[in-house]
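Annotated features in Swiss-Prot:
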type	residues	note
REPEAT	64-97	repeat 'TPR 1'
REPEAT	102-135	repeat 'TPR 2'
REPEAT	136-169	repeat 'TPR 3'
REPEAT	221-255	repeat 'TPR 4'
Amino acid sequence: MAGFQSSEVDPNTKNKNAEEMFNELNKVPFFMQSLEDVGDESENNVQLDALKALAYEGEPHEVAQNFREHGNECFASKRYKDAEEFYTKALAQKCGDKDIEIACYSNRAACNLLFENYRQVLNDCAQVLQRDSTHAKAYYRSAKALVALKRYDEAKECIRLCSLVHPNDPAILALSKELQKKSDDFEKRESEKKRVAQEKVIAAKTVLLALQERHIKTKTTEHPPDLGDAMISLSTFDDPKSELFFPTILLYPLVYQSDFVPSVSENCTPLELLKTVFQSPAPWDVHQLYNPDSLDVFATTDTLGLIKVGKNVPILKALTHPKVTLIDGLVQLHVVPHHLASDWISSWKKNKQENAKN
């Protein structure tokens, strides 16, 4: 074709996608979208230095407007980080042009809304509203950020002010609906939290009253065991006369084993508890000595002595024994095969005497 010279197309170009082509063009000064992120190869590029100088040439409002326009171009092409940087550079000029500053603060808020930098969104929108108290987008973006931060009352006020300017705007109506739902859900959760917290306080006081009414002595040590969620409880949390339940540990001292039962009724007997625990033989009971009917149960006294607990009487009876104290809210019962109980008791007494000497 007249006036044009043919040239060979770089074969590597065919294998490049759009993003790679854009990155290549961005290294050419004329096409650059950012004058900062240019790589080492451009350090001595005279054309680039000239372009950098041009970017800041002119009156402050002209420089700011130039950066603003670059920001708008980047935003339109969804390069939000670059857009945010250009708006920041525009604002750094402090040009004093109200319209430019409003646009840059507002658009930077839009970028930060996408980045979920909600506090920066609020800061930028506040700058907009200082310059224009009727700026609908500033109220809208503030509301979006406040919803994300769960500051629902403030968000409602922003939407109200925004609606005064654009009462039928679909985005505002949708945000208002979203806010109402989230606000209602939040209030329900907070109400439930308060209810649960109040019940816990009432339950704790009622448990203390229930223990007192049953004449059960209690003691809390400096380092109580971690029982997880298990605790003394009542079948009706605010009724001290309702059924009382205790975390209970069964200790098998002859085999150094134990079973923890999170909740045992005060009316449960040791035999009933043992039958529940030993429904299936324990893997450590290789000699099958732990048959509920052939086991003896003991509780410790305040002086570290032992009392035998009847297997067919409620556990409450052991807890109300004048020499027994409920320690750290945990019922502790020692379980020993009947034919070995005598020797174990002798060993217990011997250890107690030796500890007393020391």
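Cβ coordinates come from backbone N, Cα and C, glycine included.
What you see is a predicted model, and the numbers here were worked out from it, not measured in a lab.
If you look at the repeat 'TPR 3' (136-169), the same-chain residues 6 or more away from its ends with a CB under 8 A from one of its CBs are 106, 109-110, 113, 116, 118-119, 121-122, 125-126, 128-129, 175-176, 178-179, 182-183, 186.
The average pLDDT computed over the repeat 'TPR 3' (136-169) stands at 92. Residues 199, 202-203, 206-207, 209-211, 213-214, 261-267, 273-274, 277, 284-285, 290, 315-316, 319, 326-337, 340, 344 of the same chain sit 6 or more residues outside the repeat 'TPR 4' (221-255) yet have a Cβ under 8 Å from a Cβ within it. According to DSSP, the repeat 'TPR 2' (102-135) comprises 28 helix, 0 strand, 6 coil.
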